[in-house]
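What follows is a single structure, written as structure tokens, with notes after it.
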Amino acid sequence: METLFSLPFTVLECPNVKLKKPSWLHMPSAMTVYAVVIVSYFLITGGIIYDVIVEPPSVGSMTDEHGHQRPVAFLAYRVNGQYIMEGLASSFLFTMGGLGFIILDRSNAPNIPKLNRFLLLFIGFVSVLLSFFMARVFMRMKLPGYLMG
């Protein structure tokens, strides 16, 4: 394998380039990287790529039995389609659940006082459980009759 990789370099000569890092470029802090990851996770799980390509409306409308137009936030019976508000709400729940797991992990630090540990555990569990059960409610709204035992 080594001979296979070195074969092109018997003919080609690598240039002697000396690159320096610009002085204004610094390593970002951990919280900056964390914020970028969370925001990108929020946008990707919200379906920003789908929203840009398909350009769905922010909310839909449904005609009730009296002939009145009623706004709806969920595109029912369509797994492969969504309104913008539906994607943002689901994305918020997924991000809240992920942050709940991170809060639960942070509650294991050895130097946290007992009250703060209890509060972190409580907030983490509430975030994870709330996001899980609300995602199930959203699935029930999206696909009526699904997950009905």
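Glycine is no exception: its Cβ is also placed from the backbone N, Cα and C atoms.
Annotated in Swiss-Prot:
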TOPO_DOM  1-32  topological domain 'Cytoplasmic'
TOPO_DOM  54-83  topological domain 'Extracellular'
TOPO_DOM  105-117  topological domain 'Cytoplasmic'
TOPO_DOM  139-149  topological domain 'Extracellular'
TRANSMEM  33-53  transmembrane segment
TRANSMEM  84-104  transmembrane segment
TRANSMEM  118-138  transmembrane segment
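Residues 124 of the same chain lie 6+ residues outside the topological domain 'Cytoplasmic' (105-117) yet bring a C-beta within less than 8 angstroms of a C-beta in it.
Helix, strand and coil counts under DSSP for the topological domain 'Extracellular' (139-149) come to 4 helix, 0 strand, 7 coil.
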